[in-house]
């Protein structure tokens with residue numbers, strides 16, 4: 001892909017050429033795109049696909065994959081985000097083009113670590129499985145051929161000859177469905193997953209795979225090709241990152257957050273310092289409970305902890321004056337005297353509230369940023385407990401939160417599957433005694449607000465009558481050169497604003 005200046009040059013093709021470019025609603029992404037796009041479209045397409053993959057992840061945990069509810073909700077979301085999904089829709093070229101380009105952009109962003117690669121592969125596989133499940137039967141052979149997958153379909157005579165053996169091996173395949181669907185003859189080595197599960201009939205080195213099971217073989221090939229492609233992309237990444245236009249975008253996308261920025265302006269002054277201990281027990285996510293507890297016990301937090309916790313407190317409504325008072329009271333109980341605090345920290349706290357320097361209004365960290373950046377080391381308390389804690393230590397923390405053993409096992413299962421945000425959402429459900437949260441958790445401040453709404457019967461956090469309201473200056477947000485008019489992109493761009501000057505606030 002080429003990335004010119006602000007003016008976008010779109011590829012213009014005739015009807016036949018458009019169809020030849022993207023003949024199907026799903027792809028193996030064998031060839032990278034070759035057209036010119038603008039940096040604005042580059043960022044917009046990447047964010048839209050990231051939103052889609054997050055939806056795929058959340059639906060895959062909330063519903064049984066392949067169920068009617070799962071299929072219906074996922075199709076609705078794909079349609080809303082204008083990506084391709086059905087074979088027989090009119091003029092799908094633009095949707096398939098968006099799908100093609102956005103996939104390769106996320107390859108660049110998500111090839112940078114094993115965790116990122118694993119997450120991308122899993123979500124892309126689930127999206128591929130959905131699209132293949134709604135692919136019309138008469139289009140399957142064409143798709144397989146275009147994807148360089150040659151699976152031989154057996155003749156009607158051979159199908160009839162082996163019918164009972166195949167039906168017995170492929171539960172729960174019904175006789176009627178067997179008559180209608182194709183059966184593929186594939187090499188035994190390509191059907192190992194089905195063989196392990198005793199779900200396929202074997203004869204003379206070949207597996208006889210009904211249409212309903214062929215997706216598992218195709219997915220294995222899709223996974224292998226994508227995994228290899230990501231490894232190759234990672235090797236060539238240094239040359240891509242040498243482009244100063246792309247490096248910040250790619251680094252940003254790898255821990256991108258596409259939701260609300262949880263700016264504190266609307267909640268300023270609604271929380272008093274006396275409430276913090278109580279709120280920490282009732283409405284803080286586990287990461288912030290951990291930081292609050294460590295600060296109260298040691299009267300100090302290291303760099304990463306002050307960064308994560310300070311901006312969270314700002315987001316829930318602590319005013320600048322409250323923040324200065326809170327940190328000062330805690331620090332002077334430890335090894336920091338008043339003079340050292342005033343000289344070393346006060347300016348930078350004001351800076352984080354947009355009152356000094358460039359007057360940039362910094363926003364709290366999202367779950368993705370906490371999980372994927374700045375992992376804690378010895379003596380640190382920041383990070384995500386579900387991602388960064390030892391399993392036994394995490395279990396003890398969950399027990400101290402009075403969660404049942406069954407609930408702890410459910411959370412640990414999510415952790416083992418690397419679904420850290422879903423583990424946190426289950427923690428929310430269990431600590432608030434609800435069956436299933438009605439929101440998708442992506443941000444610590446979202447956790448806090450949802451908890452407060454639930455505890456107050458759906459109302460927002462009430463303002464403390466004893467706490468005077470502090471007038472706030474108008475928000476000053478530094479806009480990036482690549483910001484767009486779409487709300488998700490503009491919200492997302494505020495997250496990774498220039499951190500110059502803020503690091504000093506959290507440094508030793």
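Every residue gets a Cβ built from N, Cα and C, even glycine.
The [4Fe-4S] cluster binding site feature in TrEMBL is assigned to 287, 367, 384, 424. Within 10 Å of the C-beta atom of residue 287 ([4Fe-4S] cluster binding site) sit 28 other C-beta atoms, taking all shown protein chains into account.
The compositional bias 'Polar residues' annotation in TrEMBL covers 473-493.
Residues annotated as domain 'DNA primase large subunit C-terminal' in TrEMBL: 278-448. Summarised as a single figure, the pLDDT of the domain 'DNA primase large subunit C-terminal' (278-448) averages 90.
Taken from TrEMBL, the feature region 'Disordered' covers 458-497.
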Other C-beta atoms that fall within 10 angstroms of the C-beta of residue 384 ([4Fe-4S] cluster binding site): 25
Number of Cβ atoms other than its own within 10 Å, given for residue 424 ([4Fe-4S] cluster binding site): 26
Additional residues around [4Fe-4S] cluster, ordered along the sequence, whose Cβ is within 8 Å of the centroid of 287, 367, 384, 424: 285, 286, 370, 371, 385, 386, 387, 420, 421, 444
Number of Cβ atoms other than its own within 10 Å, given for residue 367 ([4Fe-4S] cluster binding site): 25
